[in-house]
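Feature annotation from TrEMBL assigns active site, 4-aspartylphosphate intermediate to ASP407. Taken from TrEMBL, the feature ATP binding site covers ASP407, LYS408, THR409, GLU505, PHE547, LYS570, ARG601, THR681, GLY682, ASP683, ARG794, LYS800, ASN824, ASP825. Annotated Mg(2+) binding site per TrEMBL: ASP407, THR409, ASP821, ASP825, in sequence order. As annotated by TrEMBL, domain 'P-type ATPase N-terminal' applies to 35-89. Annotation source TrEMBL lists domain 'P-type ATPase A' at 122-185. For 847-1099, the entry in TrEMBL reads domain 'P-type ATPase C-terminal'. Residues or ranges marked as transmembrane segment in TrEMBL: 62-80, 288-311, 342-361, 911-931, 961-983, 995-1017, 1029-1053, 1059-1084.
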Amino acid sequence: MCERLHCAGEENWVDSRTVYIGHKVPPPGTEAYIPQRYPDNRIVSSKYTFWNFIPKNLFEQFRRIANFYFLIIFLVQLIIDTPTSPITSGLPLFFVITVTAIKQGYEDWLRHKADNAINQCPVHVVQHGKVVRKQSRKLQVGDVVLVKEDETFPCDLILLSTSRDDGTCFVTTASLDGESSHKTYYAVQDTKAFNTEEEVDTIQATIECEQPQPDLYKFVGRINIYLDRDEPIARPLGSENLLLRGATLKNTEYIYAVAIYTGMETKMALNYQSKSQKRSAVEKSMNAYLIVYLCILISKALINTVFKYVWQADPNRDEPWYNQKTETERQRHILIRAFTDFLAFMVLFNYIIPVSMYVTVEMQKFLGSYFISWDDEMFDEELGEGALVNTSDLNEELGQVEYVFTDKTGTLTENNMEFIECCVDGHVYVPHAICNGQIMSGASSIDMIDSSPSAEGKEHEELFFRALCLCHTVQVKEEETVDGIKRGIHQGKATSFYISSSPDEVALVEGMKRLGFTYLRLKDNHMEILNREDEIERFELLEVLNFDSVRRRMSVIVRSNSGELYLFCKGADSSIFPRVISGKVDQVRARVEHNAVEGLRTLCVAYKRLSREEYEQVCHLLSSAKLALQDRDKKLAEAYDVIERDFILLGATAVEDRLQDKAADTIESLHKAGMKVWVLTGDKMETAAATCYASKLFRRNTQILELTTKRTEEQSLHDVLFDLSRTVLRQHGSMTRDTFSGLSSDFQDYGLIIDGATLSAVMKPAQEGSGTGGNYKEIFLEICRNCSAVLCCRMAPLQKAQIVKLIKASKEHPITLAIGDGANDVSMILEAHVGIGIMGKEGRQAARNSDYAIPKFKHLKKMLLVHGHYYYIRISELVQYFFYKNVCFIFPQFLYQFFCGFSQQPLYDTAYLTLYNISFTSLPILLYSLIEQHINMDILKRDPSLYRDIAKNSLLQWPIFVYWTFLGVFDAVVFFFGAFFLFDNTTFTSNGQMFGNWTFGTLVFTVLVFTVTLKLALDTHYWTWINHFVIWGSLLFYVIFSLLWGGIIWPFLNYQRMYYVFMQMLASGPAWLSIILLIMVSLLPDVVKKVLCRALWPTTTERIQVCLLIKSKSACQTTSKSHFLEFNLYKTYSNENSTI
C-alpha cells in the first residue's frame, strides 16, 4: 500500500486490474475470465469499533506517562502495606480515565453516525435491464450505476453514456480539489449511444486499468468492447473519462457509468490521512516536567530509604522496647525489606506528581472550549451557525501557531468572479457605466473611444468583444422560473446563465453581455452571438487550443458567415505580449500593470486572420500531434507554439475574485503576529497568484520566485533551486525571515510559487549515486524560511498533507495550523497540529474532520489572537501552579522524615492528604484557568504583535519551571522550619499542654493552604465576584471542614487522632501569629521579584497593563483626553517594543 501513496509528477504503474462491466463474462475464446475480489463501497473515518473501544482506548490512555505512573502507584498500594489508602490514587485515576474515554467515545460515535449516513445513501444500479435501488455500501466494482443531475457520484466511475447527444457531462469537483466550476467529462466513444437501461445492459466489455492510487489528475486504462466480431475494439481511457467519488453531476439529466474503484480504494479515500491522536506542546511540556518530578520523587525515596537503614544501624533505634519486630520480619532478607521501604516512601511522596492536575486540565479544556462556541462575534447570520469545537484537547495550541496553511477557493475567496473592466487599445470600458454602447449616468469619467472613432478603432472594439464571446469553453443552461417554465430566449434576448470549468470565463462572457455582445449557445458546432444591433451572428467553431498552465493561454479558430477565418487568443500578459507584432502594446501593458497592482486577475486578448492555406497547415499540424501515441503532449505544445504567434493585440480584461469579508485584514494580522501564511490550492497558478495579491499575502514590493514546471523545463531542478537559494540568501545572509517582523522596508520581501509536479520532484527521495538529490528538501525549506509568503498551486490533496508534514518535521519543529473548507483539505487538516474547517459551500467533510470549525476565514483572527492567547496563558499558569503547590505540599513531608526516624509517618492527616488537591486548592486554579484575562481582548485584537510574546511555548520554558520549583521548595522550607523553630520547647495552651505531631502537621498545612491560595490571588489580573467567591470561599471551606473534622467523633473511623486538634491550635495566640508571619515571609520573594521585573525588565504585556492602570486612574478627565492619553501610551510602548 505504501508504494501507492505517491503524488503528481511520479510515474506509478502498480499491477493492473480487470473490471467486467455488469459482471458479464467475456465471450469464450477471447480472454481468460479472472474473478477478482474488491472491497465494498463502505467508507470508514471512525477510529474505534464497539468491540475494540475499551482495550484500544485504555491502551492509548495508558501510553500517557502520568496515567501509567498512577496505575503503578495504585497497584503498589494494593499489594504492599503503605502509609496511605489505595483510594487516594485509584479514585482520581479512575475519574480521569472514565471522563476521557466518554469524551473520545462520543466524538467517535459522531464519526460513525456521519459514516453511516454516507454508506446508507441510496444509489441506482442497472441489473438485468432494470434500475434497482441499493445502499451505497453494497455497491461493487463492475456495477453499472445510474446517476441523475445534482447527485454525487458514489464511487469512482468510468463514464459509458449520458443524456446529451455528444456524450459529454458536466461535473463540479468542489469537494475534491476546491474548484466549484464546471468541468467537462467524456463518455467512451463506442458506448455513448446506449441511453437506456436495457441498452446499457447489453454492453459486453472489460476495463483494464491501474490499481488505485491517490493522484486525482492521473488515470491510465483501456476498455475492450465485444461486438459481433472476434476481436474486441480497444479504446484508451484517461482522466477525462473518470468520474471521482464526491464530485457532483451538473447540467446533465443523467449518466450511466461503471464502478471501478470502491470504498476505501477510491481516490478521495486514498487522499484521506488516518486520524491520529494529536498532542499539544503544553502536554509535551507537562510530560517532560513529570519525568523531572519523577526523578525527584525517586531521589527522595532513595535518600529516605538509605537514611532509614543508617538510622537503624543502632540496635536500640532499630528495635526499641515499645516496637518489637515479629519473627517473620526478622527473617526477611534486607534487600526485600529495603525495596518494600523504598516503595512505601514512593507512595508517601507520590503526591508530588499531581494526578489532580490531569483531572483539572481535562475539565479546563472541556469547559473552556465552550467559550469558543458561545462567542457571538464568531456567529454567522447567513449560515445561522457559530464556531464548533470537535476536540478540546488543543485549545492552548491555538496560542502557539507559527505556520498557517490555508486553502484558497472557498476559504480565502467566495469563489465569486466579477467582471470589472476591459481595455481596448488603451481605452477603458466599465460594464456598470456602459451598456449596449450607451453611456449611462455616472460614466463621464470613463475613457471612451472617440464618439466618431476611426474605422480601425471601431473594428478593433467589436473584434475584442467578439473574441471574448468566442474564445472560451462556456456552456449555456436555460434558466427556469419559479413556476418551472423554461424561459430560454425571450424577445431575442437570452435569459439563460453560463457554466464553465473556469469561473473567469463565465465572468468575462457575462461582462461582454453587459457591454452589448451576448453569447447565446453552441449549436451544431456553430457559436451564436447577439450583437448590439440585436442581430444574431454565427461563427463555425473549427478548433479549440485548450488552456494549459505552461502556455498560460487558449485559442479558438472560427469561420465567420462571410467565410473569414480568425484565430482569437486570450491568456496571461507574459504569454501574449512576446507573440504580438502590432497593436497599442504600451497603453495596454500600463493598464494591465495598474490592475495587477490592484489585485485584479488580468488577461490579454489578441487575434490574427488566417488564409485558407495557413488554416490547412494548422489543421495538418494539429491532427498529426493529436494522433501521436508517444509524447502527445510535447508534440501538441510544439504545434501550439507554431500556430500561436504574429498576433495583433486588441486589449485586456480585469476580473475580481471576491475575497471573503476581512480576509486581507486577517492575513495581515497573522503576519504581524509572527505567523507565516502559506496558500495551498488545487487551482491554477495565475488564479491563485492574483488572490494572493488581493489578500495582501504578496505585497507590491514582493519579489516573486517561481519554482514551477515551466521553469524546470528550461533549467534542471538542481539549478533552479540553487539559483533561488542564492537569490534569497544574498539578501538575508545567514539570517532567516524569523529575525524580521516581515513588514520592514529594509529587506526585500520574497514570495515563492511552487506547483504540484515540481513539489513531487523536490520531495522525491535521493537515488543512489545521484549525489545532491537528497538535499533538495533542505534547500527547498531554506528558501521557504526566507520567504514572507509561499503559494503552492495545482496541489493534490495528499500533497497538501505532505507539505504540512515537511514543515512539521523541519529542525525548528514549528506548530502548524491548516484551514480549509472542502474534502480536498481533510488530509492537511488531519496532518497539521491544529486543523480548522470552514463551514463553506463545499459540504461539511472539512468541518467534520477538523479540530475546530468556523463559519468564515475572518473568524480565524479572533480564534488565534484572543482565544488562543487566553487559553495558552491560562493553562501554562495552571501547569506551573500545580507543580508549585505540590512541591509546597510534599517537601515538608520529606523534611519531616528526618525528625521521625524515617518511619514513613505522615505529617498530615489522611483527610488532608486526600482533599488538598481535590477540594482545598482545586477550584481557585480551575476558575483562574477558565476566566483569567491578563489583557483586554480588544487590545489583543488591535495589536497582533502581542501574540509573539507567548510564541514557542515561552511560558513553559525550563528557566520558568525551575523558578516555580525553587519557589515551592523555599515556601516549603519556610512552612516547616518556621513552625518547627517557633514551637521549639514552648508551651502553648493555658493548661500547659504541649502541641503534638498532628497539631504541628495541621499548623504547617494551614499555612500551606493559605499561602498557595493567596499566591494565585496575587497572579490574578481579572477580578470578578466569582473569583472572590471561589478564592475566599475555598479558604473558608478549609476552616469549616477542619472544625467539623476535629470537632466531632466520627463513628466510621477507626482512629480519632484529629479530635479537637484544630480548635486547640486556634485557641493559641502564638499559633495565629505564626500563621500570619509565615504566610507573609513565604509570599515576600515572589512579590519582590514581580516588582523588580516590572520596574527594570517589563514585558510588552506588563507595559500595556501599566498603560491601562494609568488610564483607569485618569478616568476623571474628559473622554477625549483619556483617549489621547491611551493612544500616546500605547504608541510609546509599541515604539519601545519595536526598538527592543
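The chain as shown is numbered from 1 upward.
Any Cβ shown, glycine's included, is placed from N, Cα and C.
Cβ neighbour density within 10 Å is lowest for THR409 among the binding-site residues THR409, ASN824. Proximity of the transmembrane segment (911-931) to the transmembrane segment (961-983) is not established, fewer than 3 Cβ-Cβ distances being under 8 Å for residue pairs spaced 6 or more apart. Sparsest Cβ environment among the binding-site residues ASP821, ASP825 (other Cβ atoms counted within 10 Å): ASP821. Across 288-311, 961-983, 1059-1084, stretch 288-311 shows the highest tally of CB pairs under 8 A with the transmembrane segment (62-80). Distance from the CA of ASP407 (active site, 4-aspartylphosphate intermediate) to the CA of ARG794 (ATP binding site) is 11 Å. Across the structure, ARG601 (ATP binding site) and the residue listed as 'active site, 4-aspartylphosphate intermediate' place their CA atoms 18 angstrom apart. Comparing the Cα of ASP825 (Mg(2+) binding site) with the Cα of every entry in ASP407, THR409, GLY682, these being the recorded positions, the smallest distance points to ASP407. Note: the CA-CA distance between PHE547 (ATP binding site) and ASP407 (active site, 4-aspartylphosphate intermediate) rounds to 23 Å.
Using a Cβ-Cβ cut-off under 8 Å and counting only residues 6 or more beyond its ends in the same chain, the transmembrane segment (342-361) has close neighbours at 66-67, 69-70, 73, 76-77, 80-84, 89, 92-93, 95-96, 99, 286, 290, 293-294, 296-298, 300-302, 304-305, 875, 878-879, 882-883, 886-887, 889-891, 893-894, 897, 904, 906, 913, 916-918, 922, 925-926, 929. Between the domain 'P-type ATPase A' (122-185) and the domain 'P-type ATPase N-terminal' (35-89) there are at least 3 Cβ pairs closer than 8 Å, counting only pairs 6 or more residues apart in sequence, which means the two stretches are in contact.
Break the domain 'P-type ATPase N-terminal' (35-89) down by DSSP state and the numbers are 28 helix, 0 strand, 27 coil. Calculated from their C-alpha atoms, the gap between ASN824 (ATP binding site) and ASP407 (active site, 4-aspartylphosphate intermediate) amounts to 9 Å. Here the recorded positions are ASP407, PHE547, ARG601, GLY682, ARG794; the one with the fewest Cβ atoms within 10 Å of its Cβ is PHE547. It is 13 Å from the Cα atom of GLY682 (ATP binding site) to that of ASP821 (Mg(2+) binding site).
According to DSSP, the domain 'P-type ATPase A' (122-185) comprises 7 helix, 34 strand, 23 coil.
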